[in-house]
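Undergrad: This is the structure, below, for whatever I ask next.
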């Protein structure tokens, strides 16, 4: 009858108790259980046992406690004879006496007379107490088995496990010699791994075991007991044990599934030392030993596999970080050899329509290049199959030619190098990665092939990335070339567009020449008339000379204002921002255009409300407002025309409207007026005034470039209003620059000017202030003075500098080469276009003609620290 035996318990009175298993049996702390265990480590209902079709099943029915069978946590398991059950702090043994009967001895006829007992090794766990005569002896043997289980639990080092087994065996069996032998796959024989030799005749190094007994156990896979070998005729004269006086022997196989892991062998020179109960006990110990040995081996293999994976991780990082094909191939074979501890490694790739040995370790360099690929390798290439040959004793692989080429050894692994998936279709195999001849005589295992397959995968990815990178570089070079060509085309096209825009803007400005000319001529006629008239009077009567001087000064200032306004309109200063009021720009334009407008009976009405100053580009606004005034004039075709100009501030913006009471524009055409080349003038429109259709388009682009808005409202036969809205900028933008520098200090001053009147006037102004003045007309003279005297300021006519620069002389640099303290100030009567401003950057500043006497006074009187 099956029973549960308590081997170990927290309460001593429970130890060695036996409980029969009848029907469904439950074990737990609750009194309603079949077997009651009172310890707090047990759940009220911990496990249940029941039989199904002659098999016993144990199940964990606890919610929070665990069930262990043979030290492995289980939920439900078929339990077998000899299984150790652990619940809480209790250790139980499952005993099924009626499960298996002792198998009859099966012995070769020759050995029958001298091999008294043989016990078949269990294919499945058998009756633990089968050969024990009484309960005391049974409990003693169970204690031994428990001791074995407890001693080896948690030990995963194979050497420690084997030595511990041997120690326990020697504690329980009075043997003179004890051996544990394990099967060596490389040598194909049994090798002693744990030895105890207490014999007087022989030391450990020369210990020999009966090969006849070993062969018998290996062939039959059964445990074997010899009570007196000396009387066995089979051993007489040819067995080594005869000479060693070995009398008793016991030999038990270490079996795991279908494999023989090894053998436990005990012997002694005493007769009838071992009994059948010893054979039974050692057989059961061997069963436990087989499991532990296999676990230790698996753990060691798993540990080695993990170490290989860690090494592989470092290798793949380096592979993934490279985009050079040669570096990748070298990395691949080096890491294959290092990680898998091989003498040879190689990488074969498909290049230039043939397979080539691209990189290797342990293979002569002269083997690189084209190689003869055996037909067998094409199966690896075409079918993505791997090859694993553990040793030279395996059947022919069809790769003998590679051995002849010294590429392969006797044992090797070859895996395909397959590129990554593209568009869900796997690409063709790129090549092969192989290793050969494991170091230290070890054999290749499936784990080695797994590692190599992973490395081959990363190699394929790295090679694919390298190829993609090369393709990308070629495309980038091609794109760069295209971009360069495109940029050149854009530059050329931009220059043409800019040139066309400049021509259009110039044409629009020229359209205003007539209007400006009329205003300027009118103003200058008034100036000339007063000066000419008073000159005639003063010539005849001296008392009018003082009055004439006042008139000349007053009218000269007026002429300067007109000239300044005209230059402001015509100059090309670039995008220079200034802090201005819109009303000031409009006033300047009206001074030039109002006389011509009044001549055409057009009245100008101003409604200027107080508006803030803003940083903007004044010459662009002048162009916009002048064009809008001209457009308003052209739209008025009858008498009593009125142009109304309003300014006001609204919502943080400056608004300006220019309205006329002209013919107006049809509503469906209002949206088209800002389109290039659309016009209502001349032959292209319905008006009588000529027009190109570019004016309002240019105005639109200018206002937008100033971050403003422009809009138009018109009603046919009633007039048109154009409104410009500009932001209020409190600070300079990206176009900010200082327009001029006027204030410099000096005591000795050079005036370099070829116009006699200007040179004499400037020299006179400086002399009146008590400073030394050197008046010259050539750059060479100015340089000589700078070398001879301590010069502080040089007033330099910009035209002279430009002419000298064309002749290869940079006068400013030569002056500064003499003394960096000399300040150079340009004199210029030219408009402030981009060329002038570029020259100003080279000098320390400039004064524009006609200049104010007071400005010159301030320049020459300033202290050096005040120079900005």
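Glycine is no exception: its Cβ is also placed from the backbone N, Cα and C atoms.
In TrEMBL, annotation is done automatically, which means it is predicted and not curated.
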Undergrad: Which range, 465-503, 504-542, 543-581, does TrEMBL list as coiled coil?
TA: 465-503
Undergrad: For the coiled coil (465-503), find every same-chain residue at least 6 residues outside the stretch whose CB is under 8 Å from a CB in it, and list them.
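TA: Apart from its flanks, the coiled coil (465-503) reaches 320, 322-325, 328, 698.
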Undergrad: Just to be sure I understand the packing, how many Cβ atoms besides its own are within 10 Å of the Cβ of residue 797 (4-aspartylphosphate)?
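TA: Excluding its own Cβ, the number within 10 Å is 21.
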Undergrad: DSSP says what for the domain 'Response regulatory' (748-864): how many helix, strand, coil residues?
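TA: Tallied per class, the domain 'Response regulatory' (748-864) gives 59 helix, 25 strand, 33 coil.
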